[in-house]
Amino acid sequence: MVAMSEQWLEKSKKYLWLPFTQMKDYEENPLVIESGEGIFLKDISGKTYYDGYSSLWLNVHGHRKKEMDEAIRKQLERIAHSTLLGAANIPAIELAEKLIEWTPPNLTRVFYSDSGAESVEIALKMAFQYWHNLGETQKQKFVTLTNGYHGDTVGAISVGSIDIFHTVYHPLMFTSYKAPFPMVYRHPSNDPNVVRDEALAQLEALFEQHHEEIAAMIVEAIVQGAGGMHIMPKGYLKGVEQLCRKYNILLIVDEVATGFGRTGKRFAVEHENVSPDIMTVAKGITGGYLPIAATLTTEAIYEAFYGDYCELKTFFHGHSYTGNQLGCAAALANIALFEKERLIEQVEEKAAFVAEQLATFTELKHVGDVRQLGLMCGIELVRDRETNEPYPWTERIGYQTTLKMRELGMLTRPLGDVIVFMPPLTSAIADLEAMISIMREAIVATTER
Ligand code: PLP
């Protein structure tokens, strides 16, 4: 008789089509998660794994956190969902109030959606229509940074720059101006200030030439996540904000990956005291429990949409599950837990421990760079550490390394040859140490064979 776990593996291969996954890979190495507890995931064979990527950068308090489960159950006793189109609900109101309290003070309005990509679509459409509603219809273009990622929908990929995700879809996309991300790694200068100033000068040149047609600039907040965990040099984001103000361009900051404590602040914009016109949040907003996202804006943007229905100023956007009560209740419980357990205040100490441990990775023969802000880390593997020559991408060294990590009891997903380490924020020091030790062993086993 075929074991139950085998049956699930077979059915997963037969019926599912997994996101961002080559199914041939999956068929060779299938995995079905059965349950989770704290910072561990368990598969159907009973093997447990550290959740080293917070189930794709979302999970904050660990799995099956009592308070989170209870809040969702309690909300279920009232209602699971009613539409937000023309009718508000209490969890959505409470969460909006809380988000406004938590985010930079200039943000005063909350527009809900269900995923990070949608929160970005909304930001783009809002920025575009804002100028349209003001009569400045020539402002239709967006500026984005090279190597950026803002989601996988058509609008979001049109402001994204990771070619492998986009090449096929180019004919579907609108064009955006690309400004260079201030990438310190592999830059001829070792001085982050030089990299910053050079990138800001290039951005200003672009603004000078095209500002009249630019609606907004969109940037990830301090860390470019999917692009390989690259961190902006200090002062760069502030510089972008100043240039946006100077050239009358809206600033959209994407906090989907960095928000809710991940970098050691509630939001990464706080590192530079930046006040975006529009900010997108998702992932950690519900602590990784349910799909809620939000786009926050200033009152000035909101007011540009205010008027008589027939003036066509209305923001024509919204989905069936927008503002879902269960999701909003989960988000409220998540934020209450942050406040009760003072989790963000603990990130600094945990991050310092991780930094100390990861520093030793730079001695490994094939580690080119270690990048970290808070508990958002990337370890870049290279063929030659002296020249930083990458592995040919067809070798898939990052993927092979994470398969080895899986065997050793830890899950994560690589970004090319960058190993992502984004543990739940509740991970104890001993757990962080154990996860780092697995990463080290897997890197050595894969790159020094
Ligand atoms: N924006 C950023 C910065 C992200 O990192 C991501 C996802 O990784 C997204 C947007 C898209 O979020 P989602 O996967 O929830 O659509």
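We count from 1, first residue shown onward.
Just so it is clear, glycine is given a Cβ too, placed from its N, Cα and C backbone atoms.
Residues annotated as pyridoxal 5'-phosphate binding site in TrEMBL: Gly116, Ala117, Asp254, His319, Ser320. What TrEMBL lists as substrate binding site is Tyr149, Lys283, Gly318, Arg413. Sequence annotations record features per position, and here TrEMBL assigns N6-(pyridoxal phosphate)lysine to Lys283.
Feature map: TrEMBL annotations on the structure.
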residue: Gly116; record: pyridoxal 5'-phosphate binding site; DSSP class: helix
residue: Tyr149; record: substrate binding site; DSSP class: coil
residue: Asp254; record: pyridoxal 5'-phosphate binding site; DSSP class: strand
residue: Lys283; record: substrate binding site; DSSP class: helix
residue: Gly318; record: substrate binding site; DSSP class: coil
residue: Arg413; record: substrate binding site; DSSP class: coil
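When the Cα atoms are compared, Lys283 (substrate binding site) and Gly116 (pyridoxal 5'-phosphate binding site) turn out to be 7 Å apart. Each of the binding-site residues Gly116, Gly318 was assessed for Cβ neighbours inside 10 Å, and the highest tally belongs to Gly116. Ligand 1 lies within reach of Gly116, Asp254 from the binding-site residues Gly116, Asp254, Gly318, His319, Ser320, Arg413, judged by a C-beta closer than 6 angstroms to any of its atoms. When the Cα positions of Gly116, Ala117, Asp254, His319, Ser320 are compared pair by pair, the longest gap among these pyridoxal 5'-phosphate-binding residues is 23 Å. All protein chains included, His319 (pyridoxal 5'-phosphate binding site) registers 15 other Cβ atoms within 10 Å of its own Cβ. Using a 10 Å radius centred on the Cβ of Asp254 (pyridoxal 5'-phosphate binding site) and all shown protein chains, the other Cβ atoms total 31. You'll find the Cα of Ser320 (pyridoxal 5'-phosphate binding site) roughly 26 Å from the Cα of Tyr149 (substrate binding site).
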